[in-house]
Amino acid sequence: MAQLDIVRIPVLSDNYVWLVHDPESSETMVVDPAVADPVLAEADARGWTITAIWNTHWHPDHTGGNAAIKAKTGCEIIVPAAERERIPSADRSVAGGDHVQLGAHVADVWDVPAHTAGHIAYHFADDGAIFVGDTMFAMGCGRLFEGTAEQMFANMQRLGTLDDATRVYCAHEYTLSNARFAVTVDPGNDALAARLAEVEAARAAGEATVPTTIGAERATNPFLRAPSAAELGRIRALKDAA
Ligand code: ZN
Ligand code: FE
């Protein structure tokens, strides 16, 4: 199987939309299009036609481009079943345990409630890639808008079962803020201190810092490293107040 081409499209103030193309089938899908125009332009420039949109959750900065991309391309919109009524452009609902495909590439759907109640992630096990929306960020996790620390802890534990090399495609460039916070709750972590320095340099040079990897997160992400739901909840509350 040929490798997926995965393109990062920065939009709004800090969102990343991921454009994913399978060269064998020529299918192209978009994860969480916040807006339509830059996504359509990127696909056009590459000679790709968008065939599907895969949403991780209902927030407008993840679904705002759905209707316009569908109007232009006729693509199918796949959404989390539990949030279907909040995503009016939906065509197909999926939930944990379902499989979705881009050509011959199969993604397992994970239920990852916490940031929103019906949040899902898409794991391409054979490709070593997972699209996590606003569940995990580089050195961070999503805010607990519609769920609990227990749920987010379970999400982190499950992500922690993946191989170190698994690439984690999150939906925001929150890395520098997360790193600066992470060093305050894990001050003795040398890998974290080193990563903060790298991220400061990358951001100063205008570079993106994602995708990240499970290995990097295992070493530096205080939410993935939290030993309990209570500890995850404690540091999430500290970050919210920061
Ligand atoms: Zn969100
Ligand atoms: Fe978001």
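Glycine is no exception: its Cβ is also placed from the backbone N, Cα and C atoms.
Unlike curated records, TrEMBL annotations are generated automatically.
Binding of Zn(2+) 2 is annotated in TrEMBL for Asp61, His62, Asp134; the matching candidate from His99, His172 at the same site is His172. With His57, His59, Asp134 listed by TrEMBL as binding Zn(2+) 1, the candidate from His115, His123 annotated for that site turns out to be His115. Sequence-distant contacts of His59 (Zn(2+) 1 binding site), defined by Cβ-Cβ distance under 8 angstroms and a gap of at least six in the same chain, are Thr116, Asp134. Taking the Cα atom of each, His172 (Zn(2+) 2 binding site) and His115 (Zn(2+) 1 binding site) are about 14 angstrom apart. Contact annotation for binding-site residues (His59, Asp134, His172) versus ligand 1: His59, Asp134, each with CB under 6 Å from a ligand atom. The C-beta environment of His115 (Zn(2+) 1 binding site), restricted to residues of the same chain at least 6 apart in sequence and closer than 8 Å, consists of His57, Gly133, Asp134, Thr135, Gly142, Arg143, Leu144, Phe145, Glu146, Gly147, Met152.
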